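Undergrad: For 677-691, 750-772, the entry in Swiss-Prot reads compositional bias 'Basic and acidic residues'. Under the heading compositional bias 'Basic residues', Swiss-Prot lists 729-738. The disulfide bond annotation in Swiss-Prot covers 103-114, 132-141, 269-381, 293-341, 517-535, 650-723. Annotation comment: Swiss-Prot describes 31-514 as domain 'Sema', evidence class sequence analysis. Taken from Swiss-Prot, the feature domain 'Ig-like C2-type' covers 577-665. Sequence annotations record features per position, and here Swiss-Prot assigns N-linked glycosylation site to 53, 125, 591. Feature annotation from Swiss-Prot assigns region 'Disordered' to 677-698, 729-772. As annotated by Swiss-Prot, signal peptide applies to 1-20, with the evidence given as sequence analysis.
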């Protein structure tokens, strides 16, 4: 019983060690990594690979009511069916030849720049969309009719009504645009000139005069790149509604030593109509603050992620306080990394109610403004809630003057918990896009993030509380390749109604489901280990979780992913209906090497090998060394000996749960026996060898001998020696053939000459037989 107790203690120690390593380590590693081929074979991705004369599928508009996804691209606007994007309609909207020639004469690229790249695509009313494009460096806008009802099947361009797109769409297709259409008015952050230097936040359309940010003042905007725009209520009074712009820009002089990029959030009041004597047709309520996304470091030196790439607003029960998710990357070309930070709107409002940034001159540092702040406070919307002013045109002159010279806040906005919820620095990609879905699970609600990258992959990540719901950690569930070739993901939309994710890039559009519960496995433990809020064990399979289902049939543990607690009573079911044990038989040659391949589906699983000798029940752990080398794909056994024959068991250990994946039976053949088998047919000994030799063709014999020598011959030290032997044998055989070939050739030549006289009149071509 002593050896049995030792094995039991060893087994339990391995489980505890694996569980500790799992808890301390691999949540930042995708548990499942699915290639594009695997996604296609499992019917988990549908791709639209674009048109030959189009590209840049970057502008998305999701319409859940009509079940359509509108996509703006180069010279085209598409209407995709949300159920299957293979079903689509298209509108062709190119520029005229005159515009294209003018663009070419201006020195622009005729293929990459001199076209109509759609940059704005918004719902205008119940029957029309509003679209704007670059128009070959001549921005243009128009309306698109989509009908009253989905069954109308209308998708038509209003080509009789075109508008100037200046201040709505950029001239340059490489520039980003953020836009929002509310109550017939278009808010847009874009460049308003051909050279791409006059950046501004505009409000156009509607019945009011167009309005914009102050021009040529770096304190307001300093070479910005706009990301997104959102309407967020400030109170229950609609007059207090504000539009928030997210962008990145160059740091203001004196704000940072050297050149740097800062992420910003800017605000404007929806009912801002400009000043009366100063800031006429300019925003009077514009304020901006820096968004911080950094990792605290030693000695107070933080690692900053300043390049804002994308923003997603997760609505809550209180429409005034959505959660802001931001995707950031580093500015450095040496250190490349990505991060996701969360912000609360209460923190944003607290910063906008804080001190203004102020400095007395160009050579002074920025400090908090200590003087008297005029009333009403600059940045406050004119309404009955916060003051007695009905319009920004009624604001006192000192308020307008102060607002013009103090557009920036001194304090930055820090993320929730003062640090990112996810960081990636050790990979060959960077984050580009994000959408978030709030999912009801057995033990609460979880936010599932879908993050796009610049190599065409999508990461599925869930935020899980460690000890409290305020202390979150990210668990990377899946990494999916959604395009055939690596490409930057530039647009993403999530349909909660269809439970589908839609992805845009330069190459095309992809569609994939939010959940793939069946790929996790056919056992309760495998479903539980996945920690996917969308999935639960229903008693017979890993399937979609629905909160209304009967509680007793659901097994799910997102917070801990502990199968030992939730699936222990179903272990018998798992063994019979779950993962089936794969068995293999491998033959190896004494003194040669062989490889035992075993790769678990989960990248977080710890692989554990056991060895069982012939005719023995006892199993022992395999120790690595010079004789046995462990790799990520399996075990490499060098210099095989007869004692290595036996059963090799490959186990996967994850979160304390052990699963046997593979049983390999290794048979080691001694060298003398192999040489006897290889050369018996040449010597003519042995009746069995003769029978096998008679049933094999000469080419099969040579191939078998070459193959066995290549993989198992103990006397061949290098591949060169083997190739040299094969080359010598082939050369010897070729030397023996010329006599026979020459005879056949002469015979055919004689036949040709005998036929020449008969064929001279017709000059027909005589084709040689295949054997020559």
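Glycine residues also receive a Cβ, built from the backbone N, Cα and C atoms like all the rest.
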Undergrad: Over the span of the domain 'Ig-like C2-type' (577-665), count residues by DSSP class, listing helix, strand and coil in order.
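TA: Tallied per class, the domain 'Ig-like C2-type' (577-665) gives 4 helix, 47 strand, 38 coil.
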Undergrad: Measuring Cα to Cα, how many Å separate residue 114 (disulfide bond) from residue 269 (disulfide bond)?
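TA: Cα-Cα, rounded: 36 Å.
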Undergrad: For residue 125 (N-linked glycosylation site) and residue 132 (disulfide bond), what Cα-Cα distance in Å is obtained after rounding to a whole number?
TA: 16
Undergrad: What's the number of neighbouring CB atoms sitting within 10 A of the CB on residue 125 (N-linked glycosylation site)?
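TA: Within a 10 Å radius of the Cβ of residue 125 (N-linked glycosylation site) lie 11 other Cβ atoms.
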Undergrad: How far is it from residue 381 (disulfide bond) to residue 591 (N-linked glycosylation site), counting Cα to Cα, in Å?
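TA: Cα-Cα, rounded: 84 Å.
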Undergrad: Given the disulfide-bonded residues 114, 132, 517, 650, which one is most crowded in terms of C-beta atoms within 10 angstroms?
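TA: The most densely surrounded of these disulfide-bonded residues is 132.
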Undergrad: Based on Cα distances to residue 341 (disulfide bond), point out the closest of the recorded positions 53, 103, 132, 141.
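TA: It is 132, whose Cα lies nearest.
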Undergrad: List the Cα distance (Å, whole number) between residue 535 (disulfide bond) and residue 650 (disulfide bond).
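TA: Rounded to the nearest whole number, the Cα-Cα distance is 27 Å.
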Undergrad: State the three-class DSSP label for residue 53 (N-linked glycosylation site), counting H, G and I as helix, E and B as strand, and everything else as coil.
TA: coil
Undergrad: Looking only at C-alpha atoms, tell me how far residue 141 (disulfide bond) is from residue 269 (disulfide bond), rounded to the nearest Å.
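TA: Computed Cα spacing between residue 141 (disulfide bond) and residue 269 (disulfide bond) is 25 Å.
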Undergrad: Name the one residue among 53, 132, 591, 650 whose Cα is closest in three-dimensional space to that of residue 517 (disulfide bond); these are the recorded positions.
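TA: The smallest Cα gap between residue 517 (disulfide bond) and any of the recorded positions is with 650.
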Undergrad: Limited to the domain 'Sema' (31-514), I'd like the whole-number average of pLDDT.
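TA: Within the domain 'Sema' (31-514), the model's average pLDDT equals 94.
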Undergrad: Work through the glycosylation sites one by one (53, 591) and point out the residue whose CB has the fewest other CB atoms within 10 angstroms.
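TA: Each of the glycosylation sites 53, 591 was scored by Cβ atoms within 10 Å; lowest is 53.
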